[in-house]
Amino acid sequence: MFDGLLLALDPAHLLLILAGVAGGVLIGALPGLTATMGAALLVPFTFVMEPSAGLVMLGAMYVGAMFGDAVPAVLVNVPGTPSAMATAFDGYPLSEQGKGQRAIIAACWASAVGAIIGGTALLVMSPTLAAAALAFGPPEFFWLGAFALTIMGSVAGSSFFRGLGGGLFGLLLSTVGIAPAGGTSRFTFGFYQLQGGVSLAAALIGLFAIPQLIKLAENRKQRTRISQYVPERRVFRHIWSELRRPVTLIRSSVLGTFIGVLPGSGASLAGIVSYNEAVRWSKDRTKFGKGAVEGVVSVETANNAAAPASMVPLLSLGVPGSNVAAIFLGALLFHGLEPGPSLFDDTPEIVFAFVWAMILGGIAVFILGRVMAPLLVRAIQAPVYALIPVIAALTMVGSYAVRGNMFDTYMMFVLGIVGYVLMKIGIPVAAVALGLILGPIVENGLDVSLQMAETAGIFTVFFTRPISLVLMALTVLSALWTVYSNVRRSSRTEG
Amino acid sequence: MNDAGTTAPAGTGTGRRIAFNHDLLSGLALIILGSFAYTWGPGWGERTWVFPNMVSWLMVGLGILLAVIGLARRTREKLFESWRAAVDVSWFSASVLAFFLLIPQIGYFVATWLFMVVQASVLGGRRHPAAVGLIIVVAGLLALGMYQLFGGAFNVHLPEGRWI
């Protein structure tokens, strides 16, 4: 393990870590470009490097991208990748209040802590976590997705039922395309481009960015800038007041690590669940959605902890649990490393150097984010009339970049208009996005569980497995709590 | 239904604000969407439609609940401050759509440059004559920079256009 650390601390490797993080931040910050795309672009360059150098750079790039996606989410309400969707809930309101610098620095602190804790878990608990991940089957995934859906109460805004309606609409949107089982086309209306479903990146850009742009254009006479830059001399003191109570950090790191380990779940789910728990356990739940640093911290810690943790199934079992891990699998194989139980015994220095690179990447994220935050916040001080066209052009590039077709751009625009109409009638677009992200997880879990039940002849798969039972109980309790707290809040408001 | 679609006097005196019952509107939207989604599919016969059907039914149920709440409360919340604001929103949305539709014809670079210059001017830049020249130059550099960055560094080639 320490040989790996020494290898990662090699000056050339440190430079590669910095370069990887910087590249990752850029990729994450550009809407439409994801960590997967960044890894795919970087892998060919690693072919000419030493295995340790190539893997170190890849690991650092991944960590950088997981932080970079928070930057546009905070500054202009456009999540760089789906993982940063929940970052925008509180990050953008902070930016609107002139506290964008605080939000970005909090995000980079949280990202660093998440990457360090997730990386450490990968370093010391890989086999245990892999075994725990194997205990998760379709019923457990179904309940985990359903549990995450209870966050709708936290993002519902003024009306819980309208928030729920938005979430259902998102779930319906997630069913567009070829069904996961059976191969039937659903809601494609003759467009072959919809066979693969609604592009998540394009949908999120449309739902978050286009309504915001239209709102800015509508109010441009009253509001000439997105936010006023307020130099914050005591920014660290403000953030420290949040971070000195490490409960949020620890809870989000643990959730992020565990959810990250589960194959197919991903950093988006980790961020959503973590945000939901931050809201649930907060003494002042009303501050969320209006610019709570704790909200930004909870999401960024979790999705950055999930990034190294998502490598657990790959390194321990040889099973890529995410798209990025699948690309890393190709890189490992090219460099002559066979992922699986014997990997840590056969080439320990290289594998540990890769893991250490993610941890050191977390530290690099902190330094880079701290330096960049004031510059980034100043960049959006341009007048609204100049910023709106630039952001509109970026939405086009972001939606086009994922699959390289204009159809996704048109889809993004249509969903943007739908999002604006929904916003006007009081349905939060965040709830729609939530349904869209969680839909495939819930549907796949439900579908395969039903198949299992049919095969077994009994419909008890959801209730007889201990983890499924616990998750089901948590989901029911969380849903009841959500309804209760929203009804109580409504009656207080009306009273 | 007596609330929906009516206008209420504006408090500001700059026009008539447009107000609707949000719960009623949301409820109707959910009922229409849910019913459409359910009738589009083959019903409960195929397993691949179980999940969309469940969601559709829940949408219809929730829509009815929201509509009832809306009718009972009979409140109206504003959609737009005035008809002028609604026209502004329509114009902006149409111009963004025109920009996206133009891209395959004249290419990303030219379309983006044109869009940025026209939008920045219409949204307020023309009131600052000194800024107009700057907008033209900066818009061109941004469009070109983005084109080169995505094409060169990320291998994402933005549309080149049929006409240009």
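Each residue, glycine too, has its Cβ placed from N, Cα and C.
Feature annotation (TrEMBL): of A:34-55, A:232-253, A:254-275, the stretch labelled transmembrane segment is A:254-275. Below 8 A, the CB atoms of the transmembrane segment (A:104-135) and the transmembrane segment (A:254-275) form 3+ pairs separated by six or more positions in the chain.
The stretch from A:12-33, A:198-217, A:349-372, A:384-402 that makes the most Cβ contacts under 8 Å with the transmembrane segment (A:317-337) is A:349-372. The stretch in A:12-33, A:254-275, A:384-402, A:458-484 that contributes the largest number of Cβ pairs under 8 Å to the transmembrane segment (A:414-438) is A:254-275.
Proximity of distant same-chain residues to the transmembrane segment (A:254-275), defined by a Cβ-Cβ separation under 8 Å and at least 6 residues beyond the stretch ends, is recorded for 66, 82-87, 89, 114, 117-118, 121, 129-130, 132-133, 136, 141, 144-145, 147-148, 151, 154, 295, 298-310, 312-313, 319-322, 434, 437-438, 441, 444.
Taking Cβ pairs closer than 8 Å, the transmembrane segment (A:12-33) reaches residues 42, 52-53, 56-72, 78-81, 84, 201-202, 205, 209, 353, 357, 360-361, 364-365, 368-369, 372, 394-395, 397-402 in its own chain, all 6 or more past its ends.
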